[in-house]
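Undergrad: Quick one: the structure is below, and I'll ask about it shortly.
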Amino acid sequence: MSYDLIEWKIESLQIDYQEAICFMQQRIEDIYNGVQKELVWLLEHPPLYTAGTGAKVEDLLVDNLFPVYATNRGGKYTYHGPGQRIAYVMLNLKTRNKCNIRLYVETLGNWIVETLSHFSVKSYFNPDLIGVWVTHGGTEKKIAAFGIRIRKWVTYHGVSINIDTNLSHYSGIVPCGIKDYGITSLRKLGINISYEEFDIVLQEKFNEIFSNFN
């Protein structure tokens, strides 16, 4: 797969969640119809919660803390907000001959693990508790959450990675429906980097990891 066929769109301002959904839905139609390139879209949302298709009412602990959006991605409740890098990935699995959802999710996981490794963070992808995890202070904590949707074999939604996120904002939900584990960020792990620094490595590792994903 030639990587000049993939567009990278990096936002400098926060993007409204509903606007992002509308954009992705139109873009995946265009990708399916062959009139637009595949896209990796890097952005940040204002503070909000999203409820995936597996969300349970009881996992919303505080219903007036931030706006709550029902969404068609897989997964349960999660938080998005400042200090969190969102990577929405829109790839055509069919043209890549990779109509294998599990393989796609694992490849996303490897991408994030390799990116974090560049910053000397040892992490791992857990296929059962979907996400990328680290061991910090003797306990396992999630640093990156996954939620995807596939339509006509074109992917959308993606990954959120905590860079310098206010972790107290997770207090209004049971993140991803998992009660027994915590949430962390690069800042909490002692890694202080900018979005710009992170994005450069994210793109480099994407090209490496996805080079065989075709």
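Placed from the backbone N, Cα and C atoms, the Cβ positions cover glycine too.
Feature annotation from Swiss-Prot assigns domain 'BPL/LPL catalytic' to 34-214. Swiss-Prot lists ARG73, GLY74, GLY75, LYS76, TYR77, THR78, TYR79, HIS80, ALA145, PHE146, GLY147, GLY158, VAL159, SER160 with the feature substrate binding site. Feature annotation from Swiss-Prot assigns site 'Lowers pKa of active site Cys' to LYS142; the stated evidence is sequence analysis. Residues annotated as active site, acyl-thioester intermediate in Swiss-Prot: CYS176.
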Undergrad: Taking every residue in the domain 'BPL/LPL catalytic' (34-214), what is their average pLDDT?
TA: 92
Undergrad: Relative to the Cβ of VAL159 (substrate binding site), which residues of the same chain, six or more apart in sequence, are found under 8 Å away?
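TA: Same-chain residues close to VAL159 (substrate binding site) (Cβ under 8 Å, separated by 6 or more) are ILE86, ALA87, VAL89, LEU108, TRP111, ILE112, ALA144, ALA145, PHE146.
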Undergrad: Hey, does DSSP put ALA145 (substrate binding site) in a helix, a strand, or just coil?
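TA: DSSP call for ALA145 (substrate binding site): strand.
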Undergrad: Please give the greatest C-alpha separation between any two of the substrate-binding residues ARG73, GLY74, GLY75, LYS76, TYR77, THR78, TYR79, HIS80, ALA145, PHE146, GLY147, GLY158, VAL159, SER160, in angstrom, as a whole number.
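TA: The two farthest binding residues have Cα atoms 15 Å apart.
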